[in-house]
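Asker: Below is a structure I'd like to ask you about.
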Amino acid sequence: MRIAVYPGSFDPVTMGHIDIIRRASAVADELHVCILKNPKKHCWFSTEERLNLLRESTAEFDHVVIDTYAGLLTDYAKEIGASMVIKGLRNTADFEYEGQMDYFNKRLAPEIETVYLISDNRYSVLSSSAIRELMTFGGNLDGLVPEPVLKAVRQRQEEQNNNG
């Protein structure tokens, strides 16, 4: 069985992430989409919210598992028996960064291969940080995030408007 892991913070999950999940699930028998917890990173959505949003956003995929992990990606991959790590690349900056990460991952787990999927052109500039900025200022997110995220953002904005 080919098990793959697609790691990220997914804060929030975007249509670019969903596209990578769809494509990665076609090359793996089981795809673990894993929210890696980074205590240094301040997130807009809690880990639990991101778990739920990812589960709702990927419900159509049969062999996708949503999970969280606080530790090294390579340790998680070994625990689940993954033979590959999936990374989405939008641009050359992603390539440089992911290449550096791959160097260390290979030192820790040479048996795990990194597979790079080039982003669909529609999502080549889409990032969670850009989405968070749009969310902060009430920008239109239609077509940029899955419907469950859109609903959660609208609910959060409504709560802030009622409290502020």
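Heads up, the Cβ atoms here are built off N, Cα and C, so glycines get one too.
Got these off TrEMBL a minute ago, pasting:
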type	residues	note
BINDING	Ser9, Phe10, His17, Gly88, Leu89, Arg90, Glu98, Tyr123, Ser124, Val125, Leu126, Ser127, Ser128, Ser129	ATP binding site
BINDING	Ser9, Lys41, Leu73, Lys87	substrate binding site
DOMAIN	5-133	domain 'Cytidyltransferase-like'
SITE	His17	site 'Transition state stabilizer'
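Structural setting of the listed features?
Answerer: Ser9 (ATP binding site) falls within neither a helix nor a strand when secondary structure is assigned with DSSP, and so counts as coil. Around Ser9 (ATP binding site), taking its Cβ as the centre, 18 other Cβ atoms fall within 10 Å, counting all chains.
Within 10 Å of the Cβ of His17 (ATP binding site) there are 25 other Cβ atoms, across all protein chains.
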Asker: Restricting the comparison to the binding-site residues Lys41, Leu73, Lys87, which residue's C-alpha is spatially nearest the C-alpha of His17 (ATP binding site)?
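Answerer: Result for His17 (ATP binding site): the nearest of the binding-site residues is Lys87.
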Asker: Roughly how wide, in whole Å, is the group Ser9, Phe10, His17, Gly88, Leu89, Arg90, Glu98, Tyr123, Ser124, Val125, Leu126, Ser127, Ser128, Ser129 that binds ATP, by largest Cα to Cα distance?
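Answerer: So the maximum pairwise Cα distance among the ATP binders is 18 Å.
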Asker: Distance check, please: Cα of Ser128 (ATP binding site) against Cα of Lys41 (substrate binding site), rounded to an integer number of angstrom.
Answerer: 13
Asker: Among all the protein chains here, how many other CB atoms are within 10 A of the CB of Ser124 (ATP binding site)?
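Answerer: The Cβ of Ser124 (ATP binding site) has 13 Cβ neighbours within 10 Å.
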Asker: Work through the binding-site residues one by one (Ser9, Leu89, Leu126) and name whichever has its CA nearest to the CA of Leu73 (substrate binding site).
Answerer: Ser9
Asker: Want to know which binding-site residues, from Ser9, Leu89, Glu98, Ser124, Leu126, are within 10 Å of Lys41 (substrate binding site) at Cα; which are they?
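Answerer: The binding-site residues close to Lys41 (substrate binding site) (Cα within 10 Å), listed in sequence order, are Ser9.
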